[in-house]
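> Pasting the relevant annotations from Swiss-Prot:
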- TYR90, ASP199, CYS200, SER201, ASP218, ALA219: substrate binding site (BINDING)
- 170-295: domain 'NlpC/P60' (DOMAIN)
- CYS200: active site, nucleophile (ACT_SITE)
- HIS253: active site, proton acceptor (ACT_SITE)
- HIS265: active site (ACT_SITE)
Amino acid sequence: MMHTVISAVANIWTAPDSPRPSDQFMLQPTVMIRDWLERMTYDERLGLCTDNVIQTQVLFGEKVLVTAEQGEWVSVIVPSQPSRKDPRGYPGWMKKYQLEKTKPIHTQHDVMISKPAAFLYRSNGEKEIELSFLTVLPLIAKENGYFKVSTVFGERFVRQSDAVPVSQQKGTAEDIIQTGAFFLGLPYLWGGISGFGFDCSGFMYSIFKANGYSIPRDAGDQAKAGKGVPLDDMKAGDLLFFAYEEGKGAIHHVGLYVGGGKMLHSPKTGKSIEILTLTETIYEKELCAVRRCFSE
């Protein structure tokens, strides 16, 4: 059965016993993602990956398929995040109370949060929850500098300066690059797929999705998306893939080519989103594939 995410950003955990004491901020219906990120040590951030703690994240209003229940936990599939792990979408576990059974909300238009984060407001002007970039909300009307939107909580508001109407037109390579550049300096987060932090493939997935493209969630799957491009014929907007053993092993990283021999990417734990010159870096040796996923 399909359920709707009611937390601003919910972690998709590897298993019900995956969360650590430091992860309690993300186990409540109203998650405290800023507190979680600010209090995690470097080792705890690294452990999200090395200890296989989380798989990905989902945003407020997204639909997930519940496949099983185990106490306070539910096994879910995220249809909006294509993955080789399951043909239906990305699998993992969530806290049951971060979801709600809802009927589909149908309006003629949607708006998308375009800032890294933005508040959802009640009609009296009180802030309700802080939403992430890429959160999509059904639009009801425009009122006094706000978008009135439909949510699982009822009618709410977001500032027009914090969101944009969802366009049916796909963005250009330059649009994708500009979307990504907006996040320069944002610290890397393993499993991250929100304006509070991205991993390498979550960053690519998100900036392409913001421009109307659906690509898989993980780098290994993204390396099969779009069309292949010779390594010496890359264009700005292409996805660059990197593999161990100087490009001959397993793919472990993805970035966005921005032209001029430079790449925009979310590097690794302890680093932040940056534009990097590829020459004389480990990435120059590890480059193994180029894929074009935008419309030319």
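Numbering starts at 1 and runs along the chain as it is shown here.
Any Cβ shown, glycine's included, is placed from N, Cα and C.
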> Could you give the Cα-Cα distance between ALA219 (substrate binding site) and HIS265 (active site), in whole Å?
12
> Taking TYR90, ASP199, CYS200, SER201, ASP218, ALA219 as the record's substrate-binding set, what's the max Cα pairwise distance in Å, rounded to a whole number?
17
> Relative to the mean position of the Cβ atoms of TYR90, ASP199, CYS200, SER201, ASP218, ALA219, the recorded substrate site, which additional same-chain residues have Cβ within 8 Å?
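For the substrate site the neighbour list reads THR56, GLY202, MET204, TYR205, ARG217, GLY220, GLN222, VAL254.
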> Using a Cβ-Cβ cut-off under 8 angstroms and a sequence gap of six or more, which residues of the chain neighbour ASP199 (substrate binding site)?
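Looking at Cβ-Cβ distances below 8 Å from ASP199 (substrate binding site), excluding near sequence neighbours, one finds TYR188, LEU189, TRP190, GLY191, GLY192, ILE193, SER266.
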> Within 10 Å of the Cβ of CYS200 (substrate binding site), how many other Cβ atoms can you find? Include all protein chains, please.
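Here the count is 25.
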> Please report the distance from the Cα of the residue listed as 'active site' to the Cα of SER201 (substrate binding site), rounded to the nearest angstrom.
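Checking the Cα atoms of the residue listed as 'active site' and SER201 (substrate binding site) gives a distance of 9 Å.
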> Non-local Cβ contacts of the residue listed as 'active site, proton acceptor' (under 8 Å, 6 or more apart, same chain)?
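Spatial neighbours, sequence-distant, of the residue listed as 'active site, proton acceptor': CYS200, ALA219, PHE241, PHE242, HIS265, TYR283, GLU286.
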